[in-house]
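These come from Swiss-Prot:
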ACT_SITE  Glu174  active site
ACT_SITE  His249  active site
ACT_SITE  Cys371  active site, nucleophile
BINDING   19-28, Asn110, 137-138, Arg213, Asp251, Asn365  substrate binding site
Amino acid sequence: MAGFEANFDGLVGMTHHYAGLSVGNKASINNKDSVSNPRKAALQGLMKMKALADEGFIQGVLPPQQRPHIPALRNLGFVGSDEQILHKAAKYSPVLLSKLSSASSMWTANAATVSPSADSADQRVHFTVANLNNKLHRSLEIATTTAALKATFADQNYFVHHQALPQHEDFGDEGAANHNRLGGDYDSPGVQVFVYGRSVFRGGPVPKRYPARQTLEASEAIARLHRLNPAQTVFVQQNPVAIDSGVFHNDVIAVSNRNVLFHHQYAYLNQSQVLTEIRQKMAVLGQNFVSIEVPAEQISIKDAVDSYLFNSQLLSKIDGKMVLVVPEECRQHSAVWDYLQSLSAQTSAPINEVRVFDLRESMRNGGGPACLRLRVVLNDAEFRAVNPATLMNTQLYQRLTKWIEHHYRDELCASDLADPQLLCEVYTALDELTQILNLGSIYEFQR
């Protein structure tokens, strides 16, 4: 196999809590005000990273954000010492404090859109940080995400970092959660599939219940920034019915790897036309497109959302087959589990293995295996240019495990966010983490 896909997972932050901040994300809303366990959440995510690294998959780590975000509270009129600001925010606007304490950066599928060098005109890997302007708590992640990505992929000979698109709803961008790439070998040209929920300038169908967070205009802008060939680019609209059913990002209804697209019957608007366009553009590249479409009569959209069947990772093994990495919730859902057992038993199917991970702490906030990782396709030279301190191995796993066990609380509720001691704990831990991952001073409190 030429080239490879690296997955960079987000470490769960120390303020991981359940506040129901994400309208359209059913798990987030349904678990509002539950007591969280940040330590368990971080260890669950870390265990997945280590397990996949042990199986030979390239696995990296991206850091959490500094939260509660005191600079934002200051910008919004709260004055005094950090302790005074936390007290005032908790007293006068506890919802705002919760939003500015969110650990949602763990879901690095929303960190950026990434295009490999094989698809870009300048033959470099392109990153565009997502503006995430549909949700206040996520829109504040841009600066630190940019700094973390630049510290991880620093060599300008190989990597290009674009600033986020304008902070306006016309260019709403949710990153790689609405982006797939299909192709053959990872270091060969492929077809990039941008998925949007609505078009600002062209109109058309839109969801009625929940917001369409990604616009066509944002996706087109990213394709231009990444210098992609229009003949190898596809823009498709997510089915509004799916969005209204709780599919807030495309990675809740579809996942791709190499030439395979694993998706629901109702993932896209005009789905047969979408699949035909992808197939034709891949054929020009001499590649055979494989669509694994899950019928609604077997798995309903509700079943898909409840189990997060499609919010999975589809990874290529050494033998050429693929493994589907799913959350424990898939095993607990009888119809979904029966389908997966049948799928992996088909000798002619590209997917012949299913791996299950317990990610319950993240799942209760609406984030499965696919949400937790940012895919970065690299060739050998580009891989050698990646910050090695961020790549998962036994030593890093052991260091991060000790770091989490030392710094993270095992219980957190909304009222704890006003505790000034928690803020001190966060700053101490993150300062240490930047040394472990060799990131430099990426946080505002470090400058």
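Here the Cβ of each residue, glycine as well, is placed from N, Cα and C on the backbone.
Feature annotations (Swiss-Prot) mapped to structure.
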| residue | record | DSSP (3 states) |
| --- | --- | --- |
| Ala19 | substrate binding site | coil |
| Asn110 | substrate binding site | helix |
| Arg138 | substrate binding site | helix |
| Glu174 | active site | coil |
| His249 | active site | coil |
| Cys371 | active site, nucleophile | coil |
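In this structure, Arg138 is the one among the recorded positions Arg138, His249 with the smallest number of other Cβ atoms inside 10 Å of its Cβ. The local packing around Asn110 (substrate binding site), expressed as other Cβ atoms within 10 Å of its Cβ over all shown chains, amounts to 29. Annotation: no active-site residues among Glu174, His249, Cys371 have CA atoms within 10 angstroms of the CA of Leu21 (substrate binding site). Cβ neighbour counts within 10 Å, taken over all protein chains shown, single out Cys371 as the most crowded of the recorded positions Leu21, Cys371.
Long-range Cβ contacts of Glu174 (active site) within its own chain (separation 6+, distance under 8 Å): Asn110, Ala130, Leu132, Asn134, Arg213, Gln214, His249. Here Cys371 (active site, nucleophile) is positioned 18 angstrom away from Ala19 (substrate binding site), judged by their C-alpha atoms. The binding-site residues under consideration are Ala19, Asp251. Their Cβ neighbour counts within 10 Å are lowest for Ala19.
The separation of Cys371 (active site, nucleophile) from Asp251 (substrate binding site), Cα to Cα, is 7 Å. Note: the CA-CA distance between Cys371 (active site, nucleophile) and Arg138 (substrate binding site) rounds to 14 Å.
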